[in-house]
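*Asks:* Starting off with a structure, shown below.
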Amino acid sequence: MNAHPNNSPNTPEPNPGIPDDEQARRKAGLIFGLSAYLLWGVLPLFFMAIQPAGPLEILAHRIIWSLFFCLILLLFARGYPRLWRLLRTLRVLGILAVAAITVAINWFIFVLGVDMGRIVEVSLGYYINPLVSVLLGVLFLKEKLRPLQWLAMGIGTVAVIVIAVGNGQFPFLGVGVALSFGLYGLIKKQIGSRAGALEAMTIETIVLFIPSVTYVLFLMSQGQSNFETQGSLHVILMLCLGPVTAIPLILFGSATSRIPLSWVGMLQYVTPTMQFLTGVFLLGEDMPLSRWAGFCIIWVTVVLVCVDGVMAARRRRRLR
C-alpha cells in the first residue's frame, strides 16, 4: 500500500492530475450515466406492467406522451427559441425525421421482444450494438478499426451464429435492435452538437405524433383501445411513458458531457446485463447450453471492447 507519509490513513489521497472540481464533475457524471442505464435496464418490467396493451399501442402512446413531457421540459429549460431555430433548419429537420423513423423501429422491436417473452434476445441486441456501431462507422464514415475491434467483431459474429444454430432460428429481434439503434446513432452523428438531446427528441416525436394519434384514435373507434378499458392505474402507467422515455435520455446527455467516452462505453453494458438477468432469473426464459455458450462468447467481446476503449483513451491522453 503506497500511502503518502504525511497523510493520515483515513484521509483519501487527492489525485494530483485531476482538479477537485473536475473530480466532482466526473462523479456526478458517473451517477447520471449509471442512473440512465439502470432505468433503461428495468424498462422491460415497465412495459410488462402496461400489458395487455400490444406493442403498436404502447409505441403510439410512448411517442404521444414523450412529446408532451418534452414540451413541458422545454418550457422550464427555456428551450423553445432553440427548438424553433432547429425546426426552420431544413437539413437538421430532415435528418431528425429519418432518425425518428429508426428510433420508432427500435422502440417497436424492443416492446415486441418484451411482449413475446424474449427479453434475453433483446439484451443480445444491446450487447452487440457497439460492434454494429463500429461496423457502420467503417462502412459509412470510412473509420479505421483497431486490432482489438477487429477481434471483437469476429468473436461477436461467432456468438450470433452459435445462438442462431442452437435456437434453430436467427435472432432477428436482437440483431434488429442492434441495427436500428446503430443506424439511429449514425444518423444523429450527422447533426453533432447542433441539436441538444431534449430538442432533438422533441422534433423526433413531433414527426411521429400524427401517425401515433391516428392509430390510437383508430383503436378507440374500434373499441380495441386498452387505454380506456383497463382502469385508472393503467392510464397512469401509460401517461408515465413520457417521463420514462425522456428522463433516462436527459440523464445520459448530462453524463456524456461530464465523463470520458471510455467510461460511457463501459457503463452501456449495465442495461443489457440487467435485461439478461431479468429474462433468465426473474421471468425464467429458456436457456439451453448453446445459448449460454453464445452469451459467454458475447461477454468475451464485451471485455475486448472495454479494454480497447481504455487503451484508446490512454493513447489520446498521451498525444495531448
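Placement of Cβ uses the backbone N, Cα and C atoms for every residue, glycine included.
Below are the features listed in TrEMBL for this protein:
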- 1-20: region 'Disordered' (REGION)
- 1-10: compositional bias 'Low complexity' (COMPBIAS)
- 28-164: domain 'EamA' (DOMAIN)
- 30-50: transmembrane segment (TRANSMEM)
- 62-80: transmembrane segment (TRANSMEM)
- 92-112: transmembrane segment (TRANSMEM)
- 124-141: transmembrane segment (TRANSMEM)
- 148-164: transmembrane segment (TRANSMEM)
- 170-187: transmembrane segment (TRANSMEM)
- 172-305: domain 'EamA' (DOMAIN)
- 199-220: transmembrane segment (TRANSMEM)
- 232-251: transmembrane segment (TRANSMEM)
- 263-283: transmembrane segment (TRANSMEM)
- 289-313: transmembrane segment (TRANSMEM)
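Quick one: where do these features end up spatially?
*Replies:* Beyond its flanks by at least six residues, the transmembrane segment (30-50) meets 58, 110-111, 114-115, 119, 122, 234, 237-238, 240-241, 244, 247-249, 251-252, 254-256, 258-259, 263-264, 267-268, 270-275, 278-279, 282 of its own chain at Cβ-Cβ distances under 8 Å.
Residues 43, 47, 55-56, 58-59, 62-63, 86, 122, 125, 173, 176-177, 180-181, 183-184, 187-188, 190-191, 194-195, 200, 203-205, 207-208 of the same chain, all 6+ positions outside the transmembrane segment (92-112), place their C-beta atoms under 8 angstroms from a C-beta of that stretch.
Sequence-distant contacts of the transmembrane segment (124-141) (same chain, at least 6 residues past either end, Cβ-Cβ under 8 Å): 109, 149, 152-153, 156, 159-160, 163, 171, 173-179, 181-183, 185-186, 189, 265, 268-269, 271-272, 275, 294-295, 298-299, 301-302, 305.
For the transmembrane segment (170-187), the residues of the chain that approach it from at least six positions outside its boundaries are 95, 98-99, 102-103, 105-106, 109-110, 112-113, 116, 118, 121-126, 128-129, 131-133, 135-137, 140-141, 160, 163-164, judged by C-beta separation under 8 angstroms.
Confidence in the domain 'EamA' (172-305), given as mean pLDDT, stands at 90.
Remote same-chain residues near the transmembrane segment (199-220) are listed as 56-57, 59-61, 63-64, 66-67, 70-71, 74, 79, 82-83, 86-87, 93, 96-97, 99-101, 103-104, 188, 191, 227-228, 246, 249 (criterion: CB distance under 8 Å, separation of at least six residues from the stretch ends).
Within its own chain, the transmembrane segment (232-251) has Cβ neighbours under 8 Å at 32-33, 35-37, 39-40, 43, 46, 49-50, 53, 58, 61-62, 65-70, 73, 197-198, 201, 226, counting only residues six or more beyond its boundaries.
Within the same chain, residues 29-30, 33-34, 37-38, 40-42, 44-45, 117-120, 122-127, 129-130, 255-256, 295, 302, 305-306, 309 sit at least 6 positions outside the transmembrane segment (263-283) and bring their C-beta atoms closer than 8 Å to a C-beta of that stretch.
Tertiary neighbourhood of the transmembrane segment (289-313): same-chain residues 120, 124, 127-128, 130-131, 146, 148-149, 151-152, 155-156, 158-160, 162-163, 165-167, 260-262, 265-266, 269, 276, selected by CB-CB distance under 8 Å and a gap of 6+ residues from either end.
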*Asks:* Please spell out the DSSP helix, strand and coil residue counts for the domain 'EamA' (28-164).
*Replies:* 120 helix, 0 strand, 17 coil
